[in-house]
Amino acid sequence: MTTTRPAPAPPRTAPDDHPAVRVRGLVRRYGGRAVVDGVDLDVRRGEVFALLGPNGAGKTTTIEVLEGVRRRDGGEVAVLGEDPGRAGRAWRDRVGVVAQSTGVGDALTVRETLDHFARYHGTAQDTGELVEAVGLTEAVGTRVSRLSGGQRRRLEVALGVQGRPELLFLDEPTTGMDPVARRQFWALVRGLRAGGTTVVLTTHYLDEAAALADRVGVLAAGRLVDVASPDELGAELRRTATVRWTEDGVPREVGTGEPAAVLRDLLAAHPAGEVPGLTVTRPGLEDVYLSLVGATPEEASR
Amino acid sequence: MTAVLTPAPTRPAPPPALTIGLARTALELRLFVRDPAQVVFSFAYPIVMLVIFASVFAGEDRPGGVPFAQYFLAGIAATGIMLTSFQAVGTALAEERERGDLARLQVIGTPPLGYFLGKAGQVLVTTVLQLAVLLTVAATAYDVPMPDGAGRWLTFAWVALGGALAGTVLGIAVASVGSSRAVGNGISAFAVVLQFFSGVFFVFSELPSWMQEVAAVFPLKWLVQGMRSVFLPDAAVAAEPAGSWEHGMIALVLAVWVVVGLAVCSRTFRWRRTA
């Protein structure tokens, strides 16, 4: 049973005026320490938004507040126009969640598990299509206890999208997947986006954020230090190029916003020809990311 | 080529708690039969206890000349109901919370009542099967007379139903108290003490009065008493502390446990250990 209908054009017009997620001044403390410390965040309908940051930055706490499974200590949160701390079942049915680790009942097969949980939703994806979409067709008769770590993760993804949600939360979805499974999972997320599902995911893999996200929010120490498309992340930091060369056997290095001017001076100083060891580099995404999460929030947000 | 997953264009309301309760009953039963250790323990424990006690005390009649096995069947049937309801539910729920099964149910949008109904449905089915096996063994191996007449069977049915539901509610309530290990140990210890206090092993009227008074707070004492009214001859009522079977009181206590317990559980129930 192959489903090969082409992806419909993503509906870019929102069914209502609300953004998918709107967060203002979110604070969550554990034992007096703020793990989420004044986060403002908007996720547009139909986009893939990645929350990127090192372990302990507050990604999971933030996403769990948005999912309505964790209390907040301050701030306003609206997810699909409702406060997740109070929203009811109808809201929950519009939201899909793939958490970091949740149980699924080991003694059932994949098909039994999916057929059972299909009955909790107002409308549910057909089990055959679902296992095909997540790449579990071969394992459909296997008991959950005998699935590999990656297959188990795919089952959790299947359960997250089974109710055909408008908004899908993925908390470190590819942790534990091998590179092939990871690529398949990326294709699935791209398919969901093409179909019009809004996706909010957390990851500490930079390449994952770059490959999937329309926009990336970088969290460090409970604060959002930058929000931009992967190409534009850390625009300030990227503008600074590093010019390196060797002078009298000594390596020299200049950080500058105007590398051409530095080069002109250098060339003028070497009328005879080559400048030994000359390079001009701009920071890659990884350099930008590292300086963003390494910087104090005050510095990064000026 | 992967299938295309799209948000639902229209979205009917999610199914009511009763529908989910029925689906969960089927699921819980399926998980139950796939856990052989649980099946054996639930069904074998009351029978093993009956065999041990009926063999050891074979020659000792109870008040009113009732054979020991007949007297003990009332207590062990009640114990069996507590085992399949209170102990099984309390232990399983604490484990499910610890494993994250309940966290999944929460994010899928399961109504707590639907989850409770699934537990209750599973408890009722396993209780019926367990009692059927226990009564068959008692009747065939120990010649215990079965209840005569529809009236006694009716009493048996509502006492068993009330006891199983009260035990389920109590199990849900207790499972919210701590970690699965603490709950598991606590439930077993509590159940054993309660069995002694409630007249499962000894003649209730011969227990110290303070023990009788403590036991009267909990459902098991009333469950055992109701079972005595089913399995003992009419003359045995003379040995009851109240001088009657107190059916009205039994029904009231069990109903209060179910109704009040359910109200408390609905408020205190947590899908996760912390929020």
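Glycine residues also receive a Cβ, built from the backbone N, Cα and C atoms like all the rest.
For B:37-272, the entry in TrEMBL reads domain 'ABC transmembrane type-2'.
Annotation comment: TrEMBL describes B:39-59 (among others) as transmembrane segment. Listed by sequence, the residues of this chain that lie at least six past the ends of the transmembrane segment (B:39-59) yet keep a Cβ under 8 A from its Cβ atoms are 32-33, 68-69, 72-73, 76-77, 79-80, 83-84, 88, 126, 129-130, 133-134, 137-138, 141-142, 201.
According to TrEMBL, the transmembrane segment annotation covers B:71-94 (among others). Using a Cβ-Cβ cut-off under 8 Å and counting only residues 6 or more beyond its ends in the same chain, the transmembrane segment (B:71-94) has close neighbours at 38, 42, 45-46, 49-50, 53-54, 57, 62, 102, 119, 123, 126-127, 130-131, 134-135, 138, 142, 144, 160, 163-168, 170-172, 174-175, 178-180, 183-184, 187-188, 191, 194-195, 198-201, 203, 220, 223-224, 226-228, 230-232.
Same-chain residues lying 6 or more positions outside the transmembrane segment (B:123-142) and placing a CB less than 8 Å from one of its CB atoms are 25, 29, 32, 42-43, 46-47, 50-51, 54, 67, 69-70, 73, 76-77, 80-81, 83-85, 88-89, 160-161, 164-165, 167-168. Per TrEMBL, transmembrane segment is recorded for B:123-142 (among others).
Look at TrEMBL and you will find B:154-175 (among others) tagged as transmembrane segment.
The transmembrane segment feature in TrEMBL is assigned to B:182-204 (among others).
Tertiary proximity for the transmembrane segment (B:249-269) is limited to same-chain residues at least six positions away from its ends with a CB under 8 Å from its CB atoms, namely 112-113, 116, 158-159, 162-163, 165-166, 169-170, 172-173, 176, 216, 219, 222-223, 225-226, 242. According to TrEMBL, the feature transmembrane segment maps to B:249-269 (among others).
Remote same-chain partners of the transmembrane segment (B:154-175), defined as residues 6 or more beyond its termini with a Cβ less than 8 Å from a stretch Cβ, comprise 77-78, 81-82, 84-91, 93-94, 97, 116, 119-120, 123-124, 127, 131, 147, 183, 186-187, 190, 219-220, 222-223, 226-227, 229-230, 247, 250-251, 254-255, 257-258, 261-262, 264-265, 268-269.
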